[in-house]
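**Student:** Quick one: the structure is below, and I'll ask about it shortly.
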């Protein structure tokens, strides 16, 4: 029962973060919003680490890796997500970002030598085909002036950047760092890097004191980046990374339902077929192998250290060090 509640909570919160990002767009440049979000989340996670006595002191080489992870997973990746959200409804952003799973497979093969099974390849093909069908009306009437395709391109870039961060997470050095500590440092480095970029690109910080901006900011930081990450780590410990990874399968569906209710997204025949293929593709990609099922709970003490995010989180950082958060240990972004 507890595991089911954790699964539902993670799926609902991460699925809703895509919509919450909509309220971050406006008076504050996207770069500053990203910087505020992850600087805040990183500071809170630091506090959690101190309260739980999680080790925070690491070697310079470790910090270099934390900074690289933060740059890809909590900085550049999210900047493109926020930019793309200005062109698409939140549901379409979530579905397009699910291409992260496919990018994880490609990068895992290219840089880590990971084998791609037939079922996984079929899942990747189904997922990409689903994204094409979901955007078929725009693709079939292609125009360089089509803002929808601009948004799609931005989200796909975000997905590849997140996948690059996931590839870094597969480095042997990260396996001995607790997930909370890794996320805390990576978020701080990512938020700091984006603040510097925003200062150069957009000028001094801009603050929006409207209730919509502040409430969505608090939701993204506390619920979407801290609370859900902690719950997901518990779920990984109790159920294993493979089964917990199914959270990333549900979040695009939750995001589309919210988009339908609150953003006026209208469904069409190819759209139904597209979301079905995307869900099928994610199911095939995340299907546990026999080996994973057999060893799911053999090393519970290391689960938090190796679990990453899978793009579940709005804008990607499914969970960073969750699996998105994960792999390629499949890492979800908001």
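Cβ atoms here come from the backbone N, Cα and C positions, even for glycine.
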**Student:** Would you mind telling me which of 63-81, 291-309 TrEMBL tags as transmembrane segment?
**Tutor:** 63-81
**Student:** Scan 7-26, 87-106 against TrEMBL and say which stretch is down as transmembrane segment.
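**Tutor:** It is 87-106 that TrEMBL describes as transmembrane segment.
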**Student:** By a Cβ-Cβ criterion of under 8 Å, what residues six or more beyond either terminus of the transmembrane segment (87-106) are in contact with it?
**Tutor:** 15, 18-19, 21-22, 81, 114, 116, 120-121, 123-124, 127-128, 130-131, 134-135, 147-148, 150-152, 154-156, 158-160, 162-163, 166-167, 248, 251-252, 255-260, 263-265, 274-275, 278, 281-282, 285-286, 310-311, 314-316, 324, 326-328, 330-333
**Student:** Check the transmembrane segment (63-81) against each of 32-51, 118-136, 148-169, 213-234, 265-285 and return whichever range has the most CB pairs under 8 Å.
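**Tutor:** Most Cβ pairs under 8 Å with the transmembrane segment (63-81) come from 148-169.
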**Student:** Do you know the DSSP helix, strand and coil residue counts for the domain 'EamA' (151-285)?
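**Tutor:** Helix, strand and coil residues of the domain 'EamA' (151-285) number 114 helix, 0 strand, 21 coil.
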**Student:** Over the domain 'EamA' (151-285), what is the model's average pLDDT?
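**Tutor:** Mean pLDDT for the domain 'EamA' (151-285): 89.
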**Student:** Out of 32-51, 118-136, 181-201, 213-234, 241-259, what stretch is closest in contact terms to the transmembrane segment (265-285), meaning most Cβ pairs under 8 angstroms?
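**Tutor:** Answer is 118-136, with the largest number of Cβ pairs below 8 Å.
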**Student:** Does the transmembrane segment (181-201) reach the transmembrane segment (241-259) with at least 3 CB pairs under 8 A, where each pair is 6 or more residues apart?
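**Tutor:** Answer no, regions not in contact.
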**Student:** May I have the DSSP-based helix, strand and coil counts for the residues of the domain 'EamA' (4-135)?
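**Tutor:** Each residue of the domain 'EamA' (4-135) counted once, the result is 105 helix, 0 strand, 27 coil.
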